[in-house]
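> Below is a structure I'd like to ask you about.
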Amino acid sequence: MQPQDLDLNYGLLEDILKAFLQNEIRKFGFSSVVLGLSGGIDSAVVAELAVRALGPEHVLALKMPYKESSRESLEHADLMIRRLNIKAEERPVTPMADDFFRDVPEGERLRRGNIMARTRMVLLYDVSARDGSLVAGTSNKTELLLGYGTMFGDMASAVNPLGDLYKTQVRGLARHLGIPSILIDKAPSADLWEGQSDESDLGFSYGEVDLLLYMMLELRMEREAILGEGVSASFYDRVRKMVVRNQYKRLMPVIAKISGRTPGIDFRYARDWQEVR
C-alpha cells in the first residue's frame, strides 16, 4: 500500500461536499454556519467549502485562542479570513478555562485539553443560538476512528463535511482547493497547550495510520494480511484497540429501548420528510 492509494477525485469530492452542505443546512431550515477557525488545515478546508457552498456572507469564523496558543495559528486563521473575505470574531477562552484549571493539576493535560475543547464548543453553540446558524464540524475520519477528540467538545457539530475523509485525503482536498501550503505542510495541532502536536500525542504519523486504517476498514483485510504489508504487530494491535475502545465516541448517547418507536433507533428521519419552514 502506498499513500497515493488513498487519492480521490478531488474535483468530484468538492462538488459532493458543497451539495452536502447546501442540502443538509436547508433541511435543517438554516442558511448559515459558524465554525471554529484554528489556523489548521481541517478548519481551513471546512471554511473554504462552506464559502463555496453558501457564500461568504453565510459563514462566520470564530477564533478562540488560549493565552498559550500559538501566534502562528492565529496568523494562519487570519490568512484564511482574508482569503475568503468572511466575517470573524475573536473570543478568547482564557478566562473560562482558567476558572476550571484552578481545580485541575497542571500535569493533567488530558483533562485540561478536554476542558479547553468543551469551552470552545460552548462559545460556538452560543454564537449559533445568537445568530440562528449551524455549527460546522471539522473532525476528520482518522480522528473519529481513533477517538482523538473530545466528546461534546471539538467532536460536536450539526454538520461535518470531513468525517468520512482520512487526514491524508483532507490534505489532498486542501491542495485541490488552493489552501495556502503553509497550512497544509505544518505539523497538525489542536493547540491545546504550548508545543502540542497531534502526531507526538498519538505516537505515529497520520500517513502511517491512514494506510493501516484504510486496509482495516475499506479493504477489510485480516490481521495477517496487513502484517504482510510491512505493518508491525504492535502498531496494528494498538490502532485496532483505539478504534474498538472509542466506538462510544462515535455514537449518540445509547438509549434504553422501551417502545416500538425509539428516537435514533426506529425513528430517525423526521427532518427528511419535508423541508422545515
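Backbone N, Cα and C atoms are what each Cβ position is placed from, and that goes for glycine too.
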> Please identify which of Lys67, Lys167, Lys241 is recorded by Swiss-Prot as part of the ATP site containing Gly36, Leu37, Ser38, Gly39, Gly40, Ile41, Asp42, Ser43, Thr138, Ser189.
Lys167
> Taking the Cα atoms as reference points, how far is Ser38 (ATP binding site) from Arg118 (deamido-NAD(+) binding site) in Å?
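For Ser38 (ATP binding site) versus Arg118 (deamido-NAD(+) binding site), the Cα atoms are 14 Å apart.
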> Using C-alpha atoms only, work out the spacing between Thr138 (ATP binding site) and Arg118 (deamido-NAD(+) binding site) and round it to an integer in Å.
14
> Name the one residue among Gly36, Gly40, Asp42, Arg118 whose Cα is closest in three-dimensional space to that of Glu143 (Mg(2+) binding site); these are the binding-site residues.
Asp42
> To which of the binding-site residues Ser38, Thr138, Ser189 does the lowest count of other Cβ atoms within 10 Å belong?
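Each of the binding-site residues Ser38, Thr138, Ser189 was scored by Cβ atoms within 10 Å; lowest is Ser189.
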> When you look at Gly36, Leu37, Ser38, Gly39, Gly40, Ile41, Asp42, Ser43, Thr138, Lys167, Ser189, which the record names as binding ATP, what is the longest CA to CA distance in angstrom?
18
